[in-house]
């Protein structure tokens with residue numbers, strides 16, 4: 001049987017190539033998504049700057065949303081870095097086996113030099129004491145002495161064009177000052193500045209903002225992976241109840257890249273969503289291709305039955321053929337899948353989804369999962385497709401092989417009902433339960449359920465659509481259209497096999513493209529509506545001095561100015577019983593009471609421990625609520641009022657100290673009617689190096705760029721899946737047309753010319769494309785109509801009509817190319833040979 005299977009593979013290359021292509025690309029895409037998921041789960045980030053530390057103590061950023069509830073337990077990551085509480089360093093140093101504990105800070109800073117881009121060269125400032133833990137020492141110069149000297153790592157010095165002895169102005173902690181470059185340290189992966197310990201702590205906001213403690217064990221002892229597990233246990237015991245945790249091994253890297261902790265959950269959720277979509281699409285395309293290939297062999301299978309082959313022998317042959325092709329495709333797809341996963345990871349890291357220093361991990365698990373899923377689907381689809389010819393009498397199978405009509409069974413019906421019911425349920429939930437952009441979480445999967453449900457019923461739907469198109473097509477295309485529609489109505493099962501991938505590609509592309517454009521439009525409208533400032537002052541270091549707002553208010557032409565800072569937190573239930581807010585948290589905005597009129601809410605009463613909450617939060621003015629702030633600390637605040645918005649407003653003096661920067665991020669400015677405050681603001685920026693001024697249009701443009709970056713990530717992931725479905729479109733159509741060699745040969749022998757047959761094929765391709773696009777549009781509508789209603793208050797999604805035009809045009813071009821080219825090649829042969837050949 002193995003010999004027979006190998007011979008079949010040899011002499012029926014066309015059909016098996018189509019199967020191989022579907023399996024190869026499907027496995028590669030699933031392996032790539034699996035690699036991203038494994039990378040997110042592992043989140044390996046080896047240390048570099050703190051590699052010499054045996055362990056690192058950091059603030060614990062974990063927050064449990066529902067403590068004590070085992071069924072609904074969930075932890076989230078605090079939005080800001082958590083500083084270490086006072087006294088932790090003494091507790092760590094008191095542990096036996098610890099030689100020293102070095103405090104570390106990470107201060108966002110900018111070297112204000114020409115040629116470094118807008119705002120200069122970015123770097124992180126640290127204490128000089130931690131430099132001894134880096135893999136490279138001073139390459140030239142000496143350690144910083146006093147408060148006005150700094151050591152640069154080689155990368156920062158090279159980017160800024162600085163050498164030992166040069167003086168450079170550095171912006172940090174809301175201001176800027178000149179520093180002498182006293183030395184150059186060996187190159188690190190991230191630009192770094194090393195200040196004297198006292199100066200670094202001052203720039204960080206004081207000792208209460210120490211973010212990490214690098215622990216060095218005495219010789220002969222260790223922690224975690226070291227030799228002295230007792231020291232490790234002692235350290236963990238000393239940190240119990242302090243709000244700090246111990247990092248050992250590769251986890252020490254998170255002390256250098258704190259945002260990689262947040263990036264882990266983002267990468268896992270992103271890869272899980274798109275990975276799930278890729279798996280469903282890959283399995284569906286694989287099953288469709290296998291079914292089409294097996295259906296075209298029904299005549300051959302029936303003949304083998306007629307000459308004495310038993311059903312068991314035929315099943316074994318089909319199984320062996322499928323295993324050979326599937327295993328070969330899976331093994332060959334492993335390396336391309338890893339390469340694709342690595343390339344996607346680099347793009348995601350560039351977009352800020354995760355740290356570029358996290359190690360991409362793609363082991364045997366993604367291959368096993370992808371190969372196993374695709375293999376089982378291929379085997380199942382192949383056996384199911386060949387089941388009819390194997391089970392019925394050979395004479396019946398031969399008759400049915402000419403034009404397959406039977407397609408509906410109870411299994412197909414049950415699954416179609418389940419997927420369409422799921423589509424209805426998701427659409428209903430999106431319409432009635434979800435709110436705002438969050439509706440995308442239920443709207444997104446709806447189109448996949450819809451396309452699969454419609455695909456299971458596609459032979460019947462194709463027959464209905466062909467009937468509706470019959471008269472119009474005949475009226476406009478004459479004899480060629482008559483033959484095309486005759487074929488389409490007689491071969492509905494075969495036509496449906498070509499319609500299905502077009503429906504899948506056009507439906508998924510239309511839904512996801514317009515889903516993203518609608519989200520982008522809603523975000524831009526919300527930003528513009530909430531933007532009441534005419535100008536914004538920002539700093540190259542990312543933070544501004546709180547006193548800057550007072551200076552701005554005194555400038556001519558300024559009507560109002562206030563400091564601003566943003567974060568994310570939670571409203572806690574009474575008694576510390578968890579959070580009232582979902583896992584995404586509640587946006588927190590710190591504003592100045594003196595900046596009244598700069599936001600849509602009344603902030604004049606925002607003083608002390610007060611807040612203005614969104615009306616949807618369910619609290620009234622005068623109530624006391626507990627907020628879990630971004631640094632995992634809590635604050636008891638009184639509700640000063642409510643407004644129609646999504647963020648909780650707090651006094652900037654209350655919120656800013658609980659953010660990573662410790663200071664306001666911006667100064668919002670509103671000008672007097674008819675006055676031009678631009679020259680005064682620009683003059684202020686000249687007087688304070690590192691200060692930057694942006695007007696309203698620049699702010700809107702910057703927000704649009706940020707939104708476009710997030711949209712680009714979704715376009716990238718969806719584009720990968722749509723590209724695969726486009727390959728499936730070509731694959732299915734080429735296989736279908738090549739399988740009609742005998743039909744074309746007989747038509748030519750009865751008098752039809754090659755041009756007439758090609759014209760018929762063109763019309764058939766256009767009909768197939770039209771039906772596929774129509775069904776794909778219906779599937780996309782199940783996602784877009786509910787989402788647009790909830791997010792934008794319209795039944796029509798936002799975005800250019802040319803997006804839909806591009807989807808339609810691409811589908812038509814693919815259908816024509818994949819039909820006409822193989823038909824033209826078939827027609828080049830002699831009609832007698834084609835008519836006598838195998839189907």
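The backbone N, Cα and C atoms fix where each Cβ goes, glycine too.
Per TrEMBL, transmembrane segment is recorded for 16-37 (among others). Beyond its flanks by at least six residues, the transmembrane segment (16-37) meets 9, 267-268, 270-272, 274-275, 278-279, 281-283, 285-286, 289-290, 292-293, 321-322, 325-326, 328-330, 332-334, 336-338, 340-342, 344-345, 348, 360-362, 365-367, 369-371, 373-374, 378, 720-721, 724, 727-728, 731-732, 734-735 of its own chain at Cβ-Cβ distances under 8 Å.
Look at TrEMBL and you will find 272-295 (among others) tagged as transmembrane segment.
If you look up TrEMBL, you'll see 273-392 (among others) marked as domain 'ABC3 transporter permease C-terminal'.
According to TrEMBL, the transmembrane segment annotation covers 316-335 (among others).
Residues or ranges marked as transmembrane segment in TrEMBL: 364-386 (among others).
Positions annotated as transmembrane segment by TrEMBL: 407-431 (among others). With a cut-off of 8 Å between Cβ atoms, the residues of this chain six or more beyond the transmembrane segment (407-431) that come close are 439, 442-443, 445-446, 449-450, 452-454, 456-457, 459-460, 493, 496, 782-783, 785-787, 789-790.
The feature transmembrane segment is assigned by TrEMBL to 443-469 (among others). Residues 273, 276-277, 280-281, 284, 288, 407-408, 412, 415-416, 418-420, 422-423, 426-427, 430, 434, 485, 488-489, 492-493, 495-496, 499-500, 503-504, 507-508, 511-512, 515, 767, 770-771, 774-776, 778-780, 782-784, 786-787 of the same chain sit 6 or more residues outside the transmembrane segment (443-469) yet have a Cβ under 8 Å from a Cβ within it.
Annotation source TrEMBL lists transmembrane segment at 490-515 (among others). Counting only same-chain residues 6+ beyond the ends of the transmembrane segment (490-515), those with a CB under 8 A from a CB of the stretch are 277, 281, 284-285, 288, 291-292, 295, 403-407, 440, 443-444, 446-448, 450-451, 454-455, 458-463, 466, 714-715, 718, 721-722, 725-726, 728-729, 731-733, 736, 764, 767-769, 771-773, 775-780, 783-784, 787, 797-799, 803-804, 807-808, 811, 814-815.
With a threshold of 8 Å between CB atoms, the same-chain residues lying at least 6 positions outside the transmembrane segment (712-737) that come near it are 14-15, 18, 21-22, 25-26, 29, 32, 270, 274, 277-278, 281-282, 285, 288-289, 292-293, 296, 340, 344, 347-348, 351, 353, 494, 497-498, 500-502, 504-505, 508-509, 512-513, 516, 761, 765, 768, 810-811, 814-815, 817-819, 821-823, 826. As annotated by TrEMBL, transmembrane segment applies to 712-737 (among others).
Each residue of the domain 'ABC3 transporter permease C-terminal' (716-828) gets a DSSP state, and the totals for helix, strand and coil are 98 helix, 0 strand, 15 coil. Per TrEMBL, the feature domain 'ABC3 transporter permease C-terminal' maps to 716-828 (among others).
Residues or ranges marked as transmembrane segment in TrEMBL: 757-781 (among others).
Within the same chain, residues 498, 502, 505-506, 509-510, 513-514, 517, 726, 729-730, 732-734, 737, 758, 761-762, 764-766, 768-769, 772-773, 776 sit at least 6 positions outside the transmembrane segment (801-821) and bring their C-beta atoms closer than 8 Å to a C-beta of that stretch. Summarising the annotation, TrEMBL assigns transmembrane segment to 801-821 (among others).
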Mean of pLDDT values spanning the domain 'ABC3 transporter permease C-terminal' (273-392): 77
The domain 'ABC3 transporter permease C-terminal' (273-392) - residue tally per DSSP class, helix then strand then coil: 101 helix, 0 strand, 19 coil
